[in-house]
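For reference, the structure discussed in these notes is given below.
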Amino acid sequence: MDLEQDEWMSQRQRQQQMEFSRIGIEVIGSKKDLIVNSMKNHETTLTIINETYRIVYYDQYESKFTSCNIITFDGKDKRSIKKMKRVVQKLSNESTNSSHQFDLHSHALLQSSSSSSSSSTSSSPSLTSSPSSPISTSPPYHSSPQLLEHLLHQQQPITSVGSKPSFFVIINLYNDDRQSYMSEIVSFAGSFQFIEWRNDESWKEVFKLSSNLLTYHVKKNELARACTLGDINLLDEIILSGCSKSQLKEAQGAGYTIVFNSYTSYSSGSSLVVSGTMALLCAIVENGTFLLLSKSNITRFPMSIINMCSQLVELDMSNNRITEIPIEITELKFLKNLNLSDNLINDIPLEICNLTLLKVLLLNENPLNNFPSSIVELGTKKLLSFCRNILEGKSCETWNKVKLMFVGEEGVGKTRLCKLLIGSKYNKKKSSSSSSSSLSSLSSALSSSSSSSSIINSNSISNSNINMVNIKNENQVTGDTVSTEGVNIHDFKSKKVEFYAWDFGGQQIFYPTHQFFLTTQSLYLLIFRVNDSNFAERVNYWVHQIKAKSGISLPIIFFVGTHIDSCTPEQLSMAESILKSNFIKYSRVKQNVINFVSCVTGKGVKELKKRLIHESEKSRLIKKDIPGSYIILEQRLSNRGANQGRMSISNSASNSSSSLLNSSSSSSPSLTSKKSSSHLKHSQQQQQQHQQQQQQLQQSIKEKYIDYDDYLNECKLSYLKPHEIKDATDFLHNLGIILHFDSPKLNNLVVLDPQWLADVMSSLITFSHSWIKLGILNHSDLQSIWGGRYKQTLWPSLLKLLEKFEVSYQLPNLSKSLIPSLLPDDPIGEILEIKDREWVPLKLAMENNYVQVFGCDYHFSFMPLGFFARLLLRILLIQGIDIKTYWKDGVLLDILTPSDKIKQQQLLQKKSIFEPTTTLSPFLCSLSLTDSQNYSPLEPPPLILNSPRVNRKFISNSTSTTSTTTSTTSTSTTSSNNITPLSMSSITPYSPTSPRTPSFSSSSTTTSSSSSSSSPSSQFCGVGCHRNINKNNGSSNELIKTLTKINNQNGSSGELIKTTTTTSTSTSTTSTTTPTTTTPTIPIKNNNNKKLPINRTVSSLCLTAKPKLQALITFIKKKSFEQSHDNDSYKLNIQVRTYNTTIDKEHSVSLFFQQLLFTIDTLISGSYQGLEVTRTIPCTHCIQLNPTIEPYHFDLGDCISALEDGRSHVYCGNDPNTPVRIDYIAPDICLKKVPTFTDDQILYERQIGEGGFGLIHKGKLISNKSDIAIKSLILCNSNNNNNSNNNNNSNNSNNFKNNNNEDEFIEKFQEFQHEVFIMSNLNHPNIVKLYGLMHNPPRMVMEYVEHGDLYHLCQDKERYASLGWTLKLRLMIDIAKGIGYMQNQNPPIVHRDLRSPNIFLKSLDENSPVCAKIADFGLSQQSVYSVSGLLGNFQWMAPETIGVEDESYTEKVDTYSFAMILFTILTGEIPFDEYSFGKMQFINLIREENLRPTLPFDCDPRLSNLIQLCWSTNPKKRPSFTFIIKELLEIRIDSIQTSYFDSPFLKNYPASI
């Protein structure tokens, strides 16, 4: 084994030897074999000038090329004395001759160079002895490129023309008994170095001396070569590798000799060209103060200048190819003038401000991609001040860029007005291309001014006049308009302000995407046609759209009326009056915000400009106190694509992908300046430049957006501190430089080019193509939409990007995408058929008394377009539902009952009967929760749509196909959503009509005979059923029989198996349903508790005794401005129906209703914070009396107040004598499963705690004397709750409503109800039990845990010190079991507030059944797919839950918090107490820098690894609690065993036992 290892090592050593270049040393003399053989057995590598070599020692007869000589002598041979004399004499003579040959060689080289450059050297500055004149450098290779290229590319050996260095090795072995003549031999060595070889270790001295001689020799030759060629880069590399000043002085002397010999012998002029290398050597050796290295082809800043020229006062390095200024330049303390112009520098280090004597810094003609050129243009003093302010953390820079938003309806003149403000003429013929181009920047306008008549020289908004061009009046009066698709961005400047003008497309189809571009810190121009009789309605929409985006602060809105040429003074006066009375209140600015202009004559435009500039200054849109790092960040991002116009993409469909490259190339920043590029004439340099440009071009094309981690790196490179990043991001977002959203789907994305994003969005939803039918896009049609615009390889990425912005949703397993904004406005075609078939008219349902109805209405003062499209996608993710159909403003669904889920499980178990016999119609789909959880919120659950060429009915070779369907169910552990996609059958185009919006007050269209007799669940199959319908009816009938048998086996004798027979022909479609059993009559209680028989005279939907739960959610939009004060102008209507059952029996209804309301509230609070929202509840008594009229609506607060007053009902406003049960109209706020206690059943003892939620008392249940804890909700500032007397704890909830805001009252009660709801569904020994609740005030009666909480235990150091290691592990295990139980719920429970105060200790005996329990579920949520919200207690919270308001997260946040609890149990300390940062700094360090507590050094390695896994920054890396519990149990078992075997008892026990 050892031999094999030695052989492997030898092979490895030989392989490594071959990787290095070799330097040979010739060994001469009688003892050469000893030296050669010994040195071969040792590692002999060395590094010379950043290159590694291996020294190889050769015998003189091996005829290898060598660079050094070793001459050996036998120290115990007297003849060696004479040999030494002869050798020394010969070497001395060769040294003299080689020196002369070296001078001749260098002289000849310089002569060849000088003779070919004599014509150009005359123009170079002369070399003088005056100290005030810097040494001029103009390397000879500039004038003789052919010679230079030859010299640079030739392969020269590492040697010189002169003799090789030599040294002596005298063998004087100690184990040799002969007489030594060492002293005599050495006496004749003279100046030559020698080594005495005594033993085997002497090889080290030989190698050391060999290395030193070779290094010196190579560096000497390379110095000569660098000086001869004028290669400053090589000279700098040599100096930095380690050259003594004596070596440099020697090189300088040799260089001067060559230069002056050349001058006296060959130069005919009076001036002398001195190479840059000689100038640098002179500055180093003579400690010079001036150095000029211009035009020296330097590629990097020579660090030798910084290290060895500390006295420099003036440094000129212009006209080179330097790419970076080193931070170490600040070592040049005496530097006053620094010229770095005409290089390739991209950034300037802030530390340059430490050059306190610097007066002149020239940086012109540099790319400066990562440093604001505007600062450089202000001069050296301002630049240094700018850098110093950033380093010192000062915020004193001015930002004069203002985002100007042009909004309004289509055809009002936004684009024309924008061009007039820019200062350009308007050309009708060019308008189309101008509007379709992705961006018109000022620079492009100026560059084309000579060839385009539509551009004029005026390019700024200022107080000076602007040239206007008259456009024929008829163009405007006749309605000749320019259409902007999506958003176009322009920019125009004045001396005081630079506007970024955003021109929003006015077509309604683009409105849903506008929300991503509206920002708070903007100046809005709301443009409308004064001669439009309905202009108030148009203005009203945009005013509320802007207000909704601005939140609580009022935006700055200028109202600009156009087309005044065709208006009378009376019309203008009336328009102004309407604006003042209705809309001016929504603008922060009240004066001079109403403007009337003419885009034909330019009337009013000049005044509008002045007002915009004035208001920008007055309203502080021009910032004068921002950090300079913001400006650097903007510059860096602009370099990557955030600068508008840098990477424009043509909208012309005819453009090829190559034109995209060309257009991007023309707008990309140049890698070299114009001056420096003129010197790069060599083919290799040009090729390198071309490759760099292509590389940057490819990068610029890709970087339309970057991920957030990349953005954070840019922030770090911009000198932003972690706590400044959010403010900087918001600042640039509000200005429109970038787009970044804190929403769960978009927080990891930073859009660098908003114009590009607008183009991508508009290209998909534009009105100019008709490829998307009924909201469904076939990916095969993308060629017609994106072909020529974007490379086909980018299409999948673009689709994913649009999914993030909720514009499109790619349907899994299909090459199709859903475009919600392009869904039909109203139910039409098959959508209408499904709706009419599944949703029985309310009047008919109520007349037959087989249905119970409840719901609620959300009333909005305004709602932007696109709201319901976003809500729809969230509804699709709610579990336990079966989507029937949907359209733009509505969705119809079934709510799955427990029996449905049981049957689905049985269907899954018997899925073998559904062996595929033919292809299933493509519209059939199913989705389980397990599948949906594999999709992120960015990827909606799988939806399957049928082909647009296939009718929605079953298609077969025969004329009819019979199919059987069952209710959608799920397994016992997962719920399912069956999502019915829209039909893609051939439907004739439709014209939008008035909305068909079902509500409680209107009856639906009477169901046709065919639809009323069809099955409610027709055309759907269960989850996981790969069901296929045979082409013959026989097989289908067998399938029906099998399904019937399954249902009968399930005990559902009263249920129906519906058989749907569908006949597909070109002209007609029929459907029949045949019941298989007789359905008994089931009585249902109405609100008055009267039993009402169910009439079986309605459709087959109602004939079955099987309970059925349905919901219809619709959105009603206002029709006109006159309806703006109507409560139903914007209303979200939710209607839920239960057939053949009651709300009391089917808790699935309440659960769905709670999840639906939570989904709606989350969307509104996250994306529509500026809206006024109220929620009302319709009276079911009114609906039962007359479903055709509007019912009375209860206020939500009234229902809550009634519950708190102990009343189970409220009274109808239309019939005050009729009580209505609250649990029937608002089951979400009633928790009927939870027992209720009264005051006479509870005995209060003392207060034991207090928190933000309320007070906690210890008490007893009077019935069994058991200890309890009572948690009370604080509803007022009264101290009554502190009293132990039961009577004093009662409180009138109305007092709260009278003294506090009603919204706060509702919010607190809902939080209380939420915690009760969560706890009522938990039953685990490691979770504090809920016994019941009390009203007036709201209270929870819970299990009492006697040993207090973990926090106070750790604060008591004596108690904590008494905890044994195995007890600590037991506490960890108990807590892990409790959390694991919560995460195994369906859906999982996210506690969100796990910390030591919420961990209670049941026992401190590790052998007790229970030691620790989890409590306080006030912040808990059921994770449908993720939850969101900003949390406190940052020490315990996961990074994704702190610092960002709308960031989403899953149950993995509790895993992170559990790691902090483990740390607390392990150390007794609060996490992060070891640090002393501020809260915001803590949050940023935790989120961005992965700051974590320090684990004890003696922590068990397995526990340490487990904790680090649990607090991983990436939630996906955090382990499951199954794994966590297993690991903790193993650690505890090992600890117990170790403790047992280490016990004194075992140690003293006889070893034989």
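For all residues, glycine too, the Cβ spot is worked out from N, Cα and C.
According to Swiss-Prot, the feature active site, proton acceptor maps to D1393. The annotation domain 'Roc' is assigned in Swiss-Prot to 395-619. Summarising the annotation, Swiss-Prot assigns domain 'Protein kinase' to 1242-1546 and lists sequence analysis as the type of evidence. Among the features that Swiss-Prot reports, repeat 'LRR 1' is placed at 287-309. The repeat 'LRR 2' annotation in Swiss-Prot covers 311-333. According to Swiss-Prot, the feature repeat 'LRR 3' maps to 334-356. The repeat 'LRR 4' annotation in Swiss-Prot covers 357-378.
Residues 134, 283, 287-301, 303, 305, 339-349, 351-352, 354-357, 362, 672, 675-676, 679 of the same chain, all 6+ positions outside the repeat 'LRR 2' (311-333), place their C-beta atoms under 8 angstroms from a C-beta of that stretch. The repeat 'LRR 1' (287-309): residue composition by secondary structure is 6 helix, 3 strand, 14 coil, according to DSSP. Look at the repeat 'LRR 4' (357-378): DSSP puts its residues at 5 helix, 3 strand, 14 coil. Secondary structure counts, DSSP: the repeat 'LRR 2' (311-333) has 5 helix, 3 strand, 15 coil.
Mean pLDDT, taken over the repeat 'LRR 3' (334-356), works out to 92 on the 0 to 100 scale.
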